[in-house]
Every structure is written in structure tokens, then in C-alpha cells.
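According to TrEMBL, the protein carries these features:
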{"type": "DOMAIN", "residues": "146-315", "note": "domain 'Helicase ATP-binding'"}
{"type": "BINDING", "residues": "Cys375, Cys378, Cys415, Cys418", "note": "Zn(2+) 1 binding site"}
{"type": "BINDING", "residues": "Cys384, Cys387, Cys402, Cys405", "note": "Zn(2+) 2 binding site"}
{"type": "DOMAIN", "residues": "410-569", "note": "domain 'Helicase C-terminal'"}
Amino acid sequence: MAKRIANVIVDSPIREPLDYLVPADIEIQVGQRCLVPLGTRKVVGIVVGFSEESRFSKLREVISRVDDIAPLSFGWLALTSFAARYYQSGWGQVAIPALPKFFRKLPGKLHERSLERLRKEKKRAVKEPSEKPHLNSEQSAIVEEFQMDGAFYPALIFGITGSGKTEVYLHLMEKVLLSDPAAQVLLMVPEINLTPQLVERVQSRFPQLEVVSWNSGMAEGQKASSWLACHEGRARILVGTRLSVFASFKSLKLILVDEEHDPSFKSQEGVRYNARDLALKRASIERIPIVLGSATPSLESYKNALEGKFKLFKLTQRANSNAHLPELSLVDIRKDKPVNGLSQETADAITETINSGRQVIVFLNRRGFAPVVECKNCGWQSTCPHCSTYAVFHKTTGRLTCHYCGWSTPLPKTCPKCGSYELLPIGRGTQRAEEELETRWPEARVSRLDQDSARQRGSASKVLDAVHNGDVDILIGTQIVAKGHDFKNVGLVVVLNTDPRLFSSDYRARERLFSVLMQVSGRAGRDKTEGKVLIQTRYTEDDIFKHLKSQDYEGFAAGELEARRASFMVPFSAQALLVAEGKEISSVLAFLQKLKALAEKIKGPSVRIFEPVPLTVQKVMDIERGQLLIEADNKVEMQKFLNRFQPEALSLKAKGSWYIDVDPLNY
Ligand code: ADP
Ligand code: ZN
Ligand code: ZN
């Protein structure tokens, strides 16, 4: 009789599924989780197929099936398998970590009872359903034209801030959810603390449906319960961050990716996947529509839309007829010299705004008090002993802290080198700006929102609620303040110190800067009151400001795309980055030279290999890092190359660890 052999994926770099014999008394299907021996351990794996023969002679046996929850779908297996191949890692390395801990750990004695508990997890309290506004003509055109007839249908909604994109999402969801009592919708959002507000907005629109969320900040139990509710079809809507692209659904019918340009959709550790791109892949596997939405689409998506690969929808007006687009002006800080960071014109505008009872947002994309402390006597500077970076002074804790590795030490009283007392904080972060604002406007209620103040769970929501309730006059913060908040009473947005980003060596820096400035400007004038934006800069002639002033994303994008076309940059080419790490930069670079030699041997004419160089931040946590950039004419050519290169590179005998970052975002 033929042996029954299960092909099982486990969390390891091994490319091929492992073969295990299935004992006659174990019933198991493709997509179910099982317990298998691996080396001396027992681990949870997923059955991805069966065969009658194996290349290996001595097979071990499947120990048991983990539980009887429904198998993971073929669509889910296809997605994780694709992601593994595309990002050059093991299938199990993608699939297993994509499950919440509860479903990948060895089942305990009370596993079945825990499952029952997860199924009964308390639902959120639902408030009085919310009002559904009448869509304007641009909005309703999208909802009417949108196709949902069982085919892959990628669409990009390019809509200025406040144009009612979220409202369109809600209508599209309604269309899908009402047409099919089992239909499920996935709404993906960037990795920030916005999820609670959005989940509430969604839940109050669909009070009778189960809405769940999935993000990295949640407790494990919650994650497991959300996951199971989607898997078993009870939850009809999932609002989640990048990991949710790997959620399991019983009947997924629509995917929405809000702020699709946001870099947080790209994972920067482990398997470096881009959840926006995988969402597109998933929609194509499941043959369903997908909507990408943004006020400043990524150039990749915008190009796809211009070329007709995505259906392009535009929202050109603010949805709320009372709302105005903010008026944007530049403050030339060569003429109007800042005092404590603020030019006279800026300070006057702040005073005026507060006096008229409206709120001010000050945007400064740098946290801490001062980015570096310097000795006036000998020139000593606060650096991190483990990284090639400065240690940032945090006044709230009185410490110097490295933002790369977390190393931290109390601020010395005297210079560690010469003993002088003259230690000066140089530059300005949000903490310092907060202090200066409080000193200058002692009557005003000032709040700060950045990664430090948001660290405790719920504290970001508290600050945001305070702003919404009018309990804050001036909000100072980093990028977090720019994201999608629907503040009703912001009269002025002030932008400080973005000049360094105009000249970054990263070719995406201008795209990012434009996007974040559009986002933060979009917080002003969202209801009734006129909004104003002031940007302090020394480079008033820069093109980026010309387009910002007229809210002209399309003009900006056209210029950037042309520049990238001319220099064969992404999206007119594809990139992959080989990053190597080690104790000495010389040996790291020598290893990368070996990889380069191998790559040169394998590559065809459509692939170009650059010189190995140290990373911009060369050392982190005492590990030296170097990179080798590879460029191909397009993604298909890149994949062909990597599929040949990777196995050979893995068999190179050389020191040091390394990884591949396909479609890298930062370097
Ligand atoms: P976006 O997601 O594009 O920033 P939102 O969907 O959050 O925009 O809409 C911005 C504001 O306008 C919200 O307060 C929303 O309730 C309101 N709004 C959206 N669509 C309409 C509409 N058709 N009529 C009136 N108000 C609307
Ligand atoms: Zn000194
Ligand atoms: Zn460090």
C-alpha cells in the first residue's frame, strides 16, 4: 500500500516543505496545522500537500493534528508561498510567523477550552449608529463605477486631504457587505496609533456587524481572537496594519489600503515584505477588487494608474462644503531670522490663531530635546558608543539616548573629555520646542505628540482626544501629528526645520517630504475656519514648495517621475539590496565583494551591480553594516536573477551574516 506522506512547512529557512509520514489514525487536510518533530524539538507546521513518494528514505511521523479549526485556504497558502519566493525566504518563515502566537505554539492541555474562550471574546461596545453623509458627485461616481463582479480590479483613489476618501471606503464596504451575507472586508492602515479612531468610525457605521482589528500593539489574546473571528467568518471587517495582509478569511471580497504610500507597509525586519504590494497580489489570487487610497500616492502606484494598470479615481474637492484648502506660505529664514526656532512672522501667526480661539499644530520631525550635546571648550560631542550616531539629549529623562540601539546614560555634569561645565545642547527636538512654546505663550495649553510621549498604551489617543475636544491650543509633534486626523478647529500649521531633507542622499526623500508636508498641511482648515500653513525654510525657490502651494501633487509627481525615468530609478527599474553585517567593516565589504563577483558571473545584461559601500549609519549595536545594491530593468528580471543568485550565494563559504531586501525603501 502506498505510504501517505504529508508535505509540511515549518518556521525555518529550508526552502522545500519537509516530508513526514502520516500515521493511519491521524486525519489531516491540506491547510491544517500539525505537530511534527524537527531535530530534537517538536514544532507546529502547516500541511501544504500530500505525496506518495519522498526523496528521503527515513521519514519521521506527524505527531498529531493541532486542533480541528478549518484549514487555511488555498488562497492563503498561495499568498504566503508567493511572498516567500518573491522576498527570497522559506515558505514557513513567512507562513508560520503570520499566525498569532496562540496558533503556532505547542498546544497545551487546555487548548480546546482556550479556543472556546477566544470565540467568546467580549465584543466592543457599539455607540448610536453614526450619520451617513450624502456623497458628493465625485464620491458617488466612484461608488457607482466601482466593479465588484468576481474579478481582480485594482483601483487607486487619489484624493486630496479631507476629500472624503474614508467616506468612500465606507460606502464601498457597505456595497460589498450588503450584497453578500458572508462577505468580509480587509481595511489596511499604516502602523500608527490611528487604528482605534478608525475602528470606531467603521464600527459605528456597521453597528450590527463584527468589526475586529489586528496590529502589533495588541495583546496576544486579542490578536488570536481577532484572527480566529476572521478565519471562521464571524468578523466581517478587519482593520489592521501591515501584518493583516496575511490574515486568514473565510470569504474575503474587498481589500482597501489607506495611505498606500506610507513606508510602514514595508517590513524592516525578518522577511522584508511590502504589505501594499502583497495586498495587490492577494486581490489577484482571490479575484477581488482592491482600492489603494492616498492624497499623495507612491510614485509606483501613480505610474501604474497613469499607465492604466490601475483604475484611477480622483477626488479634487474637500468633502465638507464648509472646509477650505489651507493657504500655504513660506517664511524665508534667511531674512526673518528665527529666535528659539521661530521667525517673527511665525510667532505672530501663532499668537493671532490662539487669540481667535483656534488651534495650532507645530510640526518638527525630530524627537528628544537636542540631537547632540557639545562641549564648548574642547568640542566633545555626545555619541553612542555602540553606533555611528549621536546620542540624543532627552530632558524629560535627563539622559543621552541612542535612537538606534536604545543605549542611554545620564547627561554628564561635566565634559567627559576636558571636565568643562560648558555642555551645550545643539539643535532642537520636539521637547525643546515644547518648552519654548510654553515659555513664549504661558497661557496656552501645549501638548506634545511623538514616539516618546506615545509610548505608553493609550497615551497618544488621550492627546488626540484632547485636541479633538478643544483642550489643547498648541500641539507640537513629529510625523504622528500629520497622519489622517480629522481635526475640526486647526487654524494654523507651522513646519520647522525640514531643509535637511531637501538634500538627502536617498532618492525617495523628496517624495516623502512632499507627502508628509501635504499630510500635515491637510490638518488645517478642515471645518468652517480658514486654515493657514507656514513653512520656515532657507530654500524658498525649491520646486517642491511651488507644487505644495498649489496642492499640486500631479505636477510634483510628473516632475519626479520624469527625473526618475531619466536616471533609470525605481519605478523605472527594480532594486534589491544585499546587506551584510559583521565585526569589522573591512571584512564586511570584502564579503560583499565576493557576492558581487558571484553576481557579475550570473547576471545577464538587464542587471547592474554596484560597488559595496558601508550603510549610511554604518554601525548599530556594535555591528558594522555594508550594502551591495543590485538594479534590474524590471521586477521580473530581478526575480530571475535573484532566483539563480540566492542558492549559489547561500552555498558560498564565507563569514558574516547577510540578508536580501527586495524592493528596499531605505538605504
Ligand atoms: P479623507 O479620508 O479624504 O481625509 P474623510 O473621509 O475623513 O476624508 O472626510 C473628511 C471630513 O469630511 C470628515 O469629517 C467627513 O465626515 C466629511 N465628509 C466626507 N464626505 C462627506 C460628504 N459627502 N458630505 C459631508 N461631509 C463629508
Ligand atoms: Zn570638553
Ligand atoms: Zn546606539
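Glycine is treated like the rest: Cβ placed from N, Cα and C.
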Query raised in the report: Can you list which of the binding-site residues Cys375, Cys384, Cys387, Cys405, Cys415, Cys418 have their Cβ under 6 Å from some atom of ligand 2?
Result: Cys375, Cys415, Cys418
Requested in this report: Take every residue in the domain 'Helicase C-terminal' (410-569), average their pLDDT values, and give the whole-number result.
Outcome: 91
Report summary line: Across the binding-site residues (Cys384, Cys387, Cys405, Cys415, Cys418), the Cβ with the fewest other Cβ atoms inside 10 Å is that of Cys418
Report summary line: Quick note, Cys402 (Zn(2+) 2 binding site) and Cys378 (Zn(2+) 1 binding site): C-alpha atoms separated, nearest Å, by 22
Query raised in the report: Looking at the binding-site residues Cys378, Cys387, Cys415, which have a C-beta within less than 6 Å of some atom in ligand 3?
Result: Cys387
**Report entry** Mapped DSSP class for Cys384 (Zn(2+) 2 binding site), helix or strand or coil
**Finding:** coil
Query raised in the report: Expressed to the nearest Å, what is the distance separating Cys384 (Zn(2+) 2 binding site) and Cys415 (Zn(2+) 1 binding site) at their Cα atoms?
Result: 15
Query - Structural state of Cys418 (Zn(2+) 1 binding site), classified by DSSP into three states - result: coil
Report summary line: Residues near Cys378 (Zn(2+) 1 binding site) by Cβ (under 8 Å) yet at least 6 apart in sequence within the same chain, in sequence order, are Cys415, Lys417, Cys418, Ser420
Report summary line: Residues lining the Zn(2+) 2 site besides Cys384, Cys387, Cys402, Cys405 (CB within 8 A of their CB center) are Pro385, His386, Thr389, Ala391, His403, Tyr404, Gly406, Trp407, Val620, Met621
**Report entry** Whole-number Å value for how far Cys375 (Zn(2+) 1 binding site) lies from Cys405 (Zn(2+) 2 binding site) (Cα to Cα)
**Finding:** 23
Query raised in the report: Excluding Cys375, Cys378, Cys415, Cys418, which residues of the same chain place their Cβ within 8 Å of the centroid of the Cβ atoms of the recorded Zn(2+) 1 site?
Result: Lys376, Asn377, Gly379, Trp380, Pro416, Lys417, Gly419, Ser420, Glu422, Leu423
**Report entry** Where Cys375 (Zn(2+) 1 binding site) falls in three-state DSSP terms
**Finding:** strand
Query - Alpha-carbon distance [Cys387 (Zn(2+) 2 binding site); Cys375 (Zn(2+) 1 binding site)] in Å - result: 20
